[in-house]
Amino acid sequence: MTERLAGKTALVTGAAQGIGKAIAARLAADGATVIVSDINAEGAKAAAASIGKKARAIAADISDPGSVKALFAEIQALTGGIDILVNNASIVPFVAWDDVDLDHWRKIIDVNLTGTFIVTRAGTDQMRAAGKAGRVISIASNTFFAGTPNMAAYVAAKGGVIGFTRALATELGKYNITANAVTPGLIESDGVKASPHNEAFGFVEMLQAMKGKGQPEHIADVVSFLASDDARWITGQTLNVDAGMVRH
């Protein structure tokens with residue numbers, strides 16, 4: 001594996017476990033200095049320690065503007081600013097439509113969509129202030145295309161992330177900052193393993209062109225590509241990484 005991201009600094013949110021941790025590990029293997037951020041401070045520290053000397057842990061709550069401001073101030077002091085932003089942090093609820101109330105809706109939108117905006121606002125401002133070309137890669141979900149049941153607020157938020165990514169590409173292209181989204185399908189992450197709805201995942205596999213459960217590393221590989229110079233002419237796109245569940 002070549003260090004194609006040597007000299008770059010990447011921030012990965014929600015990186016204490018699962019897909020986020022795999023992305024952080026892959027970007028570090030590619031040579032980047034990686035900021036492992038998570039609301040779970042101890043989890044972030046453990047993940048950074050497992051990745052090695054290229055990783056630094058900084059706890060943050062992406063839905064709290066003050067916490068995000070402090071996060072980027074610390075990144076600026078440590079590294080001089082980011083080149084790559086991976087918006088991975090989110091919460092994944094399974095709630096039947098009849099049980100979706102306004103508090104639930106606001107909580108999911110605040111973290112999964114507004115939190116993505118808060119971090120992206122701060123991250124791209126930091127890139128622009130340094131005059132850096134940059135990468136913004138947001139982890140959305142193929143549930144947006146599938147209209148997955150029992151996840152109405154989550155589906156809406158992730159659809160918003162896809163729309164936001166397209167608009168962001170238009171706004172930031174003139175600064176050589178690209179914006180793309182990745183939509184995972186069924187991934188054997190910590191959340192999936194712990195889900196009380198595990199029995200439903202067999203049906204998801206039936207819809208896939210390729211059988212089996214994806215691994216967090218499958219998403220990390222795609223993010224690695226989008227973060228690299230190989231993807232310098234790709235922006236405003238959404239890449240489905242779901243074994244062909246969504247085909248269009």
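Easy rule for this one: first residue shown is 1, then count along the chain.
Note that Cβ sites are derived from N, Cα and C of the backbone, with glycine treated the same way.
If you look up Swiss-Prot, you'll see Y154 marked as active site, proton acceptor, on the strength of similarity to another entry. Feature annotation from Swiss-Prot assigns NAD(+) binding site to 11-35; the stated evidence is similarity to another entry. According to Swiss-Prot, the substrate binding site annotation covers S141, on the basis of similarity to another entry.
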Least buried by Cβ count (within 10 Å) of the binding-site residues L11, A15, I19: I19
Using a 10 Å radius around its CB, how many other CB atoms surround I23 (NAD(+) binding site)? 31
Cβ atoms other than its own within 10 Å of the Cβ of I35 (NAD(+) binding site), all chains, total 29
What same-chain residues, at least 6 away in sequence, bring their CB to under 8 Å of the CB of L27 (NAD(+) binding site)? L5, A10, V12, V34, I84, V86, A220, V223, S224, A227
Using Cβ-Cβ distances, find the residues under 8 Å from G31 (NAD(+) binding site) that belong to the same chain and are at least 6 apart in sequence, listing them in sequence order. T2, E3, R4, L5, A6, G7, K8, K54
Using the alpha carbons only, what distance in Å do you get between I19 (NAD(+) binding site) and Y154 (active site, proton acceptor) once rounded? 17
